[in-house]
Amino acid sequence: MARMGISKGGSGKEAKKPPLLLGRFEVGKLLGQGNFAKVYHARNVATGEEVAIKVMEKEKIFKSGLTAHIKREIAVLRRVRHPHIVQLYEVMATKLRIYFVMEYVRGGELFARVARGRLPEADARRYFQQLVSAVAFCHARGVFHRDIKPENLLVDDAGDLKVSDFGLSAVADGMRRDGLFHTFCGTPAYVAPEVLSRRGYDAAGADLWSCGVVLFVLMAGYLPFQDRNLAGMYRKIHKGDFRCPKWFSPELIRLLRGVLVTNPQRRATAEGIMENEWFKIGFRRFSFRVEDDRTFTCFELDDDAAVDAPTSPPDTPRTVDSGDVGAAPTRPRKAGSLTSCDSAPSLLEGRFGLGGSSRRRSSLNAFDIISFSPGFDLSGLFDQDDGGGAGAGSIPEQQKHTARFVSAAPVEVIVATLEAAAAAAGMAVREREDGSISMEGTREGEHGALAVAAEIYELTPELVVVEVRRKAGGAAEYEEFFRARLKPSLRELVCDDRPCPEDSGELSRSL
């Protein structure tokens, strides 16, 4: 009886939950660790989103002289936003630690799959296509990984590849005057011969060599350059001494012989790899756009919609300016805030088919209307603080690039005017499922392609409020589009007797 009483009393106590990390994240199991960091699975309790959090001790970082290394990794991850690269969502710090909040990739390392044996040819091809796509995207932005291997390649729950661990990466700014890198980086079995020689090397070519080794491993189940000791393996790498198994097709062998060339001047480029017949099987070039800081929307470039949409000139290289960056994800999905699609929706769908009604939101309340007035923005009183936001009195970036105006013009006229302004700037226009209009650039700048959203709200049966805001792309590019194209086109539609300011330090929140 006494034992039962003790047991009952113990079970009656509620288990004390551990405190939330930074007030937002419920930390789970340890996913992995290295010399300077541990990575945990975590969940944002407010949104339910699963993330991976990389935790680094500041003291270790400072003592090891890795401060510049960490800053470079942050800069690199912010520069390479791509559907096949693990995304950095935010960086936070306390007095003792630095935290990287990153995309959580559920499927784990590609290495674990290879360890069970060689992959089916179709799977190996798809992973290689996605790897080369991501690597080419990085190179076009002056970023070089320098440690490509199956352990640094993850697979998500949709079966798509994600390149991770840019800790050893380099940027073009770090090259010497000879245009080459001189730092030994990488894992010996995957390192190019010119890197082993410890002379200057072209980091792009070295990355592609590593991609070739990865392809061989995926298809064969073992390394192309093997020996009983490291010195013997180095000799084989320097000579390019490898043999392909009998199940490799002639086209695959031709591809590998072109990539695993010891002379970097003769080695296949990323574009050359993409032209190989074995590589092109099932390969779909696609463009993508980053929205809301972490959502990818992908569009195939080879479908009719993309051909009909305004595009860059035909002689523009397909791999950089147009955002044509590789193999499309396997199927439409939304997982971990990542949205992808197999094929592009029509960029000019539903031009006037909605009759205006579904574009209008008839539930504007008093707070909405007040917030439309400059100087009376109450959103800060109601928006949840994410803990990493701006300080009191600062203007959120989205509000800096948002404009609103009241109009008595028919919805169809407003939409036609928006489309004309977008077309004049070489942008495509499409209507989203929520009724908003998206104007999307076809060329990628440093911050990705420009994307501008326009929403039309019903104020009264005779009046509407039009809100225009930047969704993606650079602030300077948006400001140029707004002042040169959008404001002049919409001026006649504004139901307001106040003059429009021609010049101001930042964009006005009303036209």
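Glycine residues also receive a Cβ, built from the backbone N, Cα and C atoms like all the rest.
Swiss-Prot lists 25-279 with the feature domain 'Protein kinase'.
The active site, proton acceptor feature in Swiss-Prot is assigned to D147. Cβ contacts within 10 Å of D147 (active site, proton acceptor), excluding its own Cβ and spanning all protein chains shown: 19.
According to Swiss-Prot, the feature region 'Activation loop' maps to 165-194.
On the 0 to 100 pLDDT scale, the domain 'NAF' (321-383) averages 38 in this prediction. According to Swiss-Prot, the feature domain 'NAF' maps to 321-383, an assignment based on sequence analysis.
Summarising the annotation, Swiss-Prot assigns region 'PPI' to 400-429 and lists similarity to another entry as the type of evidence.
DSSP classifies D147 (active site, proton acceptor) as coil under the three-state reduction.
Under DSSP, the residues of the region 'PPI' (400-429) split into helix, strand and coil as follows: 15 helix, 8 strand, 7 coil.
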